[in-house]
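Note sheet for the following structure.
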Ligand code: HEC
């Protein structure tokens, strides 16, 4: 798709956002279920543009995936877990241990690593927005896939244990932990939103486009959103905190037999 066409669609998206606001205003007497509301917005996007914002973003990620870096190589030379060039289903297996970097990596940190080691970018040249778009593209190839994060390597097991510890650690000005909300209040609603525990499938809908924020969120972005909401400074992208929590949450989702929803998801 041409850049011009994308711009037109994005511009129209702004107009539609305003329209959505109007609709929300006129209907405010009756609070909508957040999932029904998301489905309604999704239908509106499809009817108006014939394409979802997440699909445009995936197309952007695909272009970046095939762009040559300073080394002359594209991300096709990166091993995401099933060998170089294979991206089908890899998101469902991550985080996992990679011998070449000596680290347990989630998809986002793996993209960040390969843009440096394979493509030759300097760390400061790797743009977060590009990693995000590429993550959307690769994750879209695991849409509906069964989540299969089973820590086996000692470093994977250590990462899982760290994630579990972080999950239960109370911190910040409100002395909160992830578990306080996501387990004690699991199945209930916090500000209209149903709260889930990892065993109930927390994490199976990311990466996603959030229409309320008009923004694209990866799983690391989503974790940051919760950290911010309890007044704890966001951890660095690609850091152990993100990877450990992701390992813990998705390993628990694996035990409960969950699959990813349609990726990238469309949500509020
Ligand atoms: C103050 C309560 C609270 C705390 C503490 C909290 N969360 Fe959340 N979290 C929520 C709510 C509410 C939602 C759903 C919000 C929505 O749908 O927009 C959510 C959503 C999420 C999601 C996305 C779930 C999905 O599938 O839609 C993830 C992932 C998440 N939280 C991770 C964490 C992690 C990791 C921590 C600890 C660092 C944490 N949360 C701490 C309230 C909390």
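One is the number of the first residue shown, and numbering goes on along the chain from there.
Cβ from N, Cα, C; glycine included.
All TrEMBL annotations are machine predictions without curation.
Since this is a predicted model, take the numbers as computed values, not measurements.
Record features, source TrEMBL:
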ACT_SITE  226  active site, cysteine persulfide intermediate
BINDING   78, 114  heme c 1 binding site
BINDING   178, 181, 182, 226  heme c 2 binding site
BINDING   222  substrate binding site
DOMAIN    60-147  domain 'Cytochrome c'
DOMAIN    163-252  domain 'Cytochrome c'
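Shown in sequence order, 206, 208 are the residues of the chain, 6+ apart in sequence, with a C-beta less than 8 angstroms from the C-beta of the residue listed as 'substrate binding site'. In this record, heme c 2 is bound by 178, 181, 182, 226; the longest C-alpha to C-alpha distance in that set is 11 Å. Shown in sequence order, 176, 177, 179, 180, 195, 230 are the same-chain residues outside 178, 181, 182, 226 whose Cβ sits within 8 Å of the Cβ centre of the heme c 2 site. Neighbour count (other Cβ atoms within 10 Å of the Cβ, all protein chains): 15 for residue 226 (active site, cysteine persulfide intermediate). Only 178, 226, in sequence order, out of the recorded positions 78, 114, 178, 226 have a CB under 6 Å from ligand 1. Each of the binding-site residues 78, 114, 178, 181 was scored by the number of other CB atoms within 10 Å of its CB, and the largest score is that of 114. Summarising the environment of residue 182 (heme c 2 binding site), the number of other Cβ atoms within 10 Å of its Cβ, over all protein chains shown, is 19. For the pair formed by residue 182 (heme c 2 binding site) and residue 226 (active site, cysteine persulfide intermediate), distance between Cα atoms is given as 11 Å, rounded to the nearest Å. Closest to residue 78 (heme c 1 binding site) in space, going by CA atoms and restricting to the recorded positions 178, 181, 226, is 226. Nearest Cα neighbour of residue 114 (heme c 1 binding site) among the listed recorded positions (178, 181, 226): 226. Here the domain 'Cytochrome c' (60-147) has a mean pLDDT of 98 out of 100. Between the CA atoms of residue 181 (heme c 2 binding site) and the residue listed as 'active site, cysteine persulfide intermediate' there is a gap of 10 Å, rounded to the nearest whole number.
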